[in-house]
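Engineer: Pasting a structure below so you can have a look.
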Amino acid sequence: MTFELVLVLAAGLFSVGLFGALSQQSIVMIMMGIELMIGGVIVAAADFWHFLAPAAADGQVVIVVAVVAMAVEMAMGFAVTTALYRARQVDTTDMARELKG
Amino acid sequence: MSALLWALIALPLGAGAALLLSGRRWNALAPGLGLAAAAGTFGLAVASAVFRPEASAPLFAGVRAGLRVDGLSAVLVVAVAAVTTAVLVASPGELGPRENRGRFFGLMLLFAGAMTVTVTATTLPPLLMAWEVMGATSWALIGFWWHRPDRVRAADTAFVTTRAADLGLYLAAGAAMAGGVGSLDLTALTGAQGGWRHVACAGLVVAALGKSAQLPFSFWLSHAMRGPGPVSALLHSATMVAAGAYLLLRLHPLLVATGWAAPLVAWTGGVTALALGVVAVAQRALKQLLAASTSSQVGFMVLAAGVGDPSGGTLQLLAHAAAKSALFLAAGAWLTSLGTEQLPALRGAVRRHPLLGAGFVAGALALAGLPPLSLWVAKDEVLAAARAQSPGLYALGLAAAAVAAGYSVKALWYVTRPLPHDHDHDHDHGQEQDGGRRGARGPTRSVSTPVVVLAAAAVFLGVAALPGLSGPLRGVLGGGQQHAPNPWEMALSAAVALAAAGAAWWWLPRSAHAPRTASAGKRWAADWLSMERAARAVLVRPAFALARALAAFDDRAVDGAVHHLARGGLTLARGAARADDHGLDGAVRAVAAGCRRLGAWARRPQTGLLHQYYAQAVVGFTLLLSIVLLVR
């Protein structure tokens, strides 16, 4: 039963993150929602590895890569947010719509 | 010696061309320069007559432009130069200082120069060129007062008629070439082979008859009267009409060689002499009478050419040239000073200007062929030659001589009447009738002098040809003695002329007051035998009808096809353009519009709002997920 429980936890994390990403105005808050979503994915991946193929080390590598990617992503995201704020005092997504097609 | 001959033709042609080109610029000098050139030409002509120069120059391959002054040419060259000089002396009186004198004198000199080349040419090409120049300048001279449409029409008629006959010369040249006479030498034409000799002869005869206003072509002379008086005087005496007679005299051997041409020419000349004499009698205008008489008198020359009597023909030409130029100069002077040329209105003209009148009377008496004046002698020569040929020709010539006396006396009778009391009224009448140019000037001495000189020549030239004294002239002309007239012939013709003159003198006062009910025959004669109307009906109208039909064919068929082709091409092009605009271009434009609409649709989701992107991503993933779940 632990396998399913952990999957439910991962789904919960992902859903909370998704809700945060969709509902929050502040860029920082959205990024936090995204963190939660990626966290859910990582938990799910670890769950699958641990219960379905514990012998292979590949799963661990995937998880480490995902964590590294998440860290880089966050560093980039906060850097952009900081630069945006410095340049234009913008901190919510509705105020930055330059990419309108 | 050839330099003399070149100078003889270069002087009038060169001076004429220079004066013609100068136009009005040297208007004051033109008469003097023209007269000087004419006098110089006369001197050169006399010198050439004495020294008999000969010249030739290469013209085409195998054809030389030959010029020579032989006996016949010598007489004619001197006559042409003398008459030209006399006419040019009289011309300033006719042409006021405000006229374009440069053009007039230039054209007159060109005309005389062309005649000089004609009578000296020994090969066909220079003869042809001079012949053409003469025709062209005669056109320009007859139409000299070109502001008046009727004069221009007259010039056109004269030009087209003589020009049509001139084509005979081209035919003759072509036939001579085809017949093996490569040199186109006039004396060698007799040697043309086969039928070509006949063709060449026919062409030459037609050209000569046309230029000389012989029977089928006579009507152009009537129109040629529209030109200035001096032009008529020159055109009708030693040049133009004389050119045809000269050519026939010159080519007598060829006429004889063909067998048919000599009698044809002789009879044409005889019939013309009689018929145009009758026409002259029927005329009521002085210049028209003189014109018809020219045709008639030239008929005697043509008759002489036909019966082979060059000396008689030449003598006739000389005597006629002197008499006729004097008469025309006087008629022109009267037309200028009295404003009319209608015979009834000219009553008493002789008494008004005695010197001029004396010249006119002498000229008219000579023209009547009264003994012992020159034309009587000349005519007797011709008639003697004609009698040797055929009695019929002799009778015809005698009748023509009687008619000549008739028309001369008619002109004489009118102008010698006493001055009418109401002559002012008469003038107005005359002016109405002919619409002539009325000048305020009287005939000056400049007209009277040449008239008297020419009339004196007309009177006394006959002496040179009287049987006993004709030796020198015959020596010059090189003709034989074979046709010397018998004394009884001379007496007979003198009697005929005197009787006709007397009858005319008796009859005229009775007819002048008779009611003017002209019979049909008289009207026919007064209308120059309706020759022009006949020519119009037979030649001009069909030619125009044919031309019009061909023009219509050209417009409708040839031009129409081209037009239809063009119109079809245009329609096709328009259709292609429409297909291009609506089809190809439309498709391209529709593709572009569709792409643009797709682009617009693609832009719509790109709102720039992060939330909406997320929402779209969620929807997309949900769709993917549901597809994966459903498909699996």
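Keep in mind that glycine also has a Cβ here, set from the backbone N, Cα and C atoms.
Dumping what TrEMBL says about this protein:
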TRANSMEM  B:6-22  transmembrane segment
TRANSMEM  B:29-51  transmembrane segment
TRANSMEM  B:71-92  transmembrane segment
TRANSMEM  B:104-122  transmembrane segment
DOMAIN    B:125-393  domain 'NADH:quinone oxidoreductase/Mrp antiporter transmembrane'
TRANSMEM  B:128-146  transmembrane segment
TRANSMEM  B:167-184  transmembrane segment
TRANSMEM  B:196-221  transmembrane segment
TRANSMEM  B:289-308  transmembrane segment
TRANSMEM  B:314-335  transmembrane segment
TRANSMEM  B:355-373  transmembrane segment
TRANSMEM  B:393-415  transmembrane segment
REGION    B:422-445  region 'Disordered'
COMPBIAS  B:422-437  compositional bias 'Basic and acidic residues'
TRANSMEM  B:613-631  transmembrane segment
Engineer: What residues elsewhere in the chain lie close to the transmembrane segment (B:393-415), defined as a C-beta under 8 angstroms and at least 6 residues from its ends?
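Structural biologist: Result: 266-267, 270-271, 273-274, 277-278, 280-281, 283, 286, 289-290, 292-293, 296-297, 299-300, 303, 307, 327, 343-344, 346-350, 357, 360-361, 364-365, 367-370, 375, 379, 382-383, 386-387, 492-493, 496-501, 503-505, 508-509.
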Engineer: I need to check the long-range neighbours of the transmembrane segment (B:104-122): which residues 6 or more away from its ends have a CB within less than 8 Å of a CB in the stretch?
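Structural biologist: Result: 5, 8-9, 11-13, 15-22, 30-31, 33-34, 37-38, 41, 45, 56, 65-69, 72-73, 76-77, 80-81, 84, 87-88, 91, 95, 129-131, 133-134, 137-138, 140-141, 144, 185-187, 228, 230-231, 234-235, 238-240, 242-243, 246-247.
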Engineer: Can you tell me which recorded stretch out of B:6-22, B:167-184, B:314-335, B:613-631 has the most Cβ pairs within less than 8 Å of the transmembrane segment (B:29-51)?
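Structural biologist: Answer is B:6-22, with the largest number of Cβ pairs below 8 Å.
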Engineer: Same chain, outside the transmembrane segment (B:314-335) by at least 6, Cβ under 8 Å from its Cβ: which residues?
Structural biologist: 72, 75-76, 79, 83, 86-87, 90, 93-94, 228-230, 232-234, 236-238, 242, 245-246, 249, 286-287, 290, 293-294, 297-298, 300-301, 304, 341, 346, 349, 353, 356-357, 359-360, 362-364, 366-367, 374-375, 377-379, 381-382, 411, 436-437, 443, 447, 450-452, 454-455, 457-458, 461-462, 464-465, 473, 477
